[in-house]
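Step one of this worksheet: look at the structure below.
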Amino acid sequence: MKVLCYGSLNIDITYRVNHIVKEGETISSYSVIKGAGGKGANQSAALAKAGLRVFHSGKLGTDGAFILDKLKSFGVDTSLTIVTDNQSGNAIIQVDDEGQNSIILFSGENKNILKIEVDSVLSNFDAGDWLVIQNEINELEYIINRASEKGINICFNPAPMDEDVFKLPLDKITLLVVNEIEGAALALTDGDFEEILNTLCQKYPKCKILMTLGDKGSLYYDGSKVYHQACFKVDSVDTTAAGDTFIGYFLKKLIDGEGAIDALKWASAASAIAVSRKGAMDSVPYYDEVRSFLGESI
């Protein structure tokens, strides 16, 4: 079984600040780091570090070529990624003293994907394989429809959430992954997380649903039963790749057939390790690190 992550590749410029800048305010940062990021790239890194065979496809400029080198160092196959002479996607990230972040995105080549490129990429995958997508690239409707026609399992993380998500054929999604804010937006409710999950289950009855709840843990609906996992308590340094790490490890365990309880536990542990470190894909732990963490926590 192969896993394709079709997603964004961004040049991340991360500023460490005492607090997230307010409207009309100018503040100083005490460090700045240029790194590799993008939700797609981060999730590819997480999937590979978790131990899956991962292909990444997307589009970037030569200014972001170092991102591909980074992904390759984690074992990601980047042969299906297109490099052009245009500008790569960029992200300006503020991380405060509590580890919380604020992000501004410039899409760049992430939003210049062509249908003919999608067809070429998907020709390398078959029924039963997995496609992982986010909401940082264009042609998502076409990608979902073509993958569904081929019988490919689809994991969709609608982040960053916007109105265009409602136009997508979400009934063709195998696994829908949301946080509480994204879930509430999709469910069109401001209720608690249980109401959000119930509404999503009714709205998308064919989808399995994974919902991350921050310090309240996570929920997974497998089509018949809801599972809950508490979060592991750690000192938070940087939450940038927390959700991407969670998705990578959850899918690893789901694909391995180890069950919802183990999948949630490993994903939660991996995410806890990630938030205790600085950076995006560099913060994602390797499989043996998560196994060691769980051994210490049991």
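Positions of Cβ are set from backbone N, Cα and C atoms, glycine also.
Note that TrEMBL annotation is computational and uncurated.
Residues or ranges marked as active site, proton acceptor in TrEMBL: ASP244. Within 10 Å of the C-beta atom of ASP244 (active site, proton acceptor) sit 30 other C-beta atoms, taking all shown protein chains into account. In the three-state DSSP reading, ASP244 (active site, proton acceptor) counts as helix.
For ASN10, ILE11, ASP12, GLY38, LYS39, GLY40, ALA41, ASN42, GLU136, ASP244, the entry in TrEMBL reads substrate binding site. DSSP classifies ASP12 (substrate binding site) as strand under the three-state reduction.
What TrEMBL records for ASN179, THR212, LEU213, GLY214, ASP215, LYS216, GLY217, GLY243, ASP244 is ATP binding site.
Within its own chain, ASP238 (K(+) binding site) has VAL95, GLY99, ASN101, VAL275, ARG277, LYS278, GLY279, SER283 as residues 6 or more apart in sequence whose C-beta sits under 8 angstroms from its own. Among the features that TrEMBL reports, K(+) binding site is placed at ASP238, THR240, ALA274, ARG277, GLY279, SER283.
Here TrEMBL flags 2-285 as domain 'Carbohydrate kinase PfkB'.
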Top Cα neighbour of ASN10 (substrate binding site) in the set of binding-site residues LEU213, GLY217, THR240, ALA274: THR240
Rounded Cα separation (Å) that holds between ASN179 (ATP binding site) and LYS39 (substrate binding site): 14
In three-state DSSP terms, the structure that ALA274 (K(+) binding site) belongs to: helix
Alpha-carbon distance [THR240 (K(+) binding site); LEU213 (ATP binding site)] in Å: 15
